[in-house]
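Notes follow once the structure below has been shown.
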């Protein structure tokens, strides 16, 4: 699937053992993501969404953010096979860089990435609010619809401007209105700033404030309504996972934008290397679709009970499913 002919322009280096090992390793990672990661992501993201929607009364604001990330994970899991089976650096590509299919697939990918980043940032800010001011109205699940509308509406509006640049760079010769919007790199720069820099700064700000609150010994720290330590561990693990897996993708977008914006011809060697690393960064980004729900499954203490209540409501023929069904026990174990 993968090729490392970007080492030089001859392609003879592909016979070297190091190149063969690299090709084999990346191909195995891609196949592992398709065979294991995609089904796990679809399964656990769907369970996360259904279990929380079924237990709306016990949902908290962190659960709302994880539901948004799970919906974005479902979209990414559905897109992963098409992206991973046809990167431009592979032997078999399903589309060209400027093709209609690429633009169509880029829309849900960008929206899902923005939703994941926004939800992570809001999760951090909400965690700080709950830590500093327990039982506040702002940290209430009462605002679920407004939060979901803000996250997805903001992601759609943000990606719309980037979509215009992508489309105009493809149909620039057919539409006069696109004459001044033929720069696809502007779309990448917009995504990097609004989709990564802003959420990263918000998350960093929330974590700094949260660390100050945790260091202060106040009477509120003995409040029975305070967040459990497991909630803080889940927050830290989620932030590290999301930004750790998405940072390479946005850094490559930024690097590609800087190189192309110079207006100088780029050597084929470096351009091929850039596309190769870009494909690898997307592989890491897609892996977030199944890593995040697994973190929620194993670090959220209320999820097993929610899943049990959901399974009890599922019909098995003319009777309800038994709570000790083998499949349920395997998921809960």
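Easy rule for this one: first residue shown is 1, then count along the chain.
Heads up, the Cβ atoms here are built off N, Cα and C, so glycines get one too.
In Swiss-Prot this protein carries:
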type: CARBOHYD; residues: 8; note: N-linked glycosylation site
type: TOPO_DOM; residues: 1-30; note: topological domain 'Extracellular'
type: TOPO_DOM; residues: 52-65; note: topological domain 'Cytoplasmic'
type: TOPO_DOM; residues: 87-102; note: topological domain 'Extracellular'
type: TOPO_DOM; residues: 124-146; note: topological domain 'Cytoplasmic'
type: TOPO_DOM; residues: 168-189; note: topological domain 'Extracellular'
type: TOPO_DOM; residues: 211-233; note: topological domain 'Cytoplasmic'
type: TOPO_DOM; residues: 255-279; note: topological domain 'Extracellular'
type: TOPO_DOM; residues: 301-333; note: topological domain 'Cytoplasmic'
type: TRANSMEM; residues: 31-51; note: transmembrane segment
type: TRANSMEM; residues: 66-86; note: transmembrane segment
type: TRANSMEM; residues: 103-123; note: transmembrane segment
type: TRANSMEM; residues: 147-167; note: transmembrane segment
type: TRANSMEM; residues: 190-210; note: transmembrane segment
type: TRANSMEM; residues: 234-254; note: transmembrane segment
type: TRANSMEM; residues: 280-300; note: transmembrane segment
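The transmembrane segment (280-300) and the transmembrane segment (147-167) are not in contact, since fewer than 3 Cβ pairs between them lie under 8 Å (pairs 6 or more apart in sequence). Against the transmembrane segment (147-167), stretch 103-123 shows more Cβ pairs under 8 Å than any other of 31-51, 103-123, 190-210, 234-254. Assigned with DSSP, the residues of the topological domain 'Cytoplasmic' (52-65) fall into helix, strand and coil as follows: 11 helix, 0 strand, 3 coil. If you look at the transmembrane segment (103-123), the same-chain residues 6 or more away from its ends with a CB under 8 A from one of its CBs are 62, 65-66, 68-69, 71-73, 75-76, 79, 82-83, 95, 147, 151-152, 154-156, 158-159, 162-163, 166-167, 170, 191, 194-196, 198-200, 202-203, 206, 235, 238-239, 242-243, 246, 249, 285, 288, 292. Away from its own ends, the topological domain 'Cytoplasmic' (52-65) comes close to residues 119-120, 122-123, 126-127, 130, 139-141, 143-144, 147-148, 231, 234-235, 300, 302, 306, 309-310, 313 of its chain (Cβ-Cβ under 8 Å, at least six residues beyond either end).
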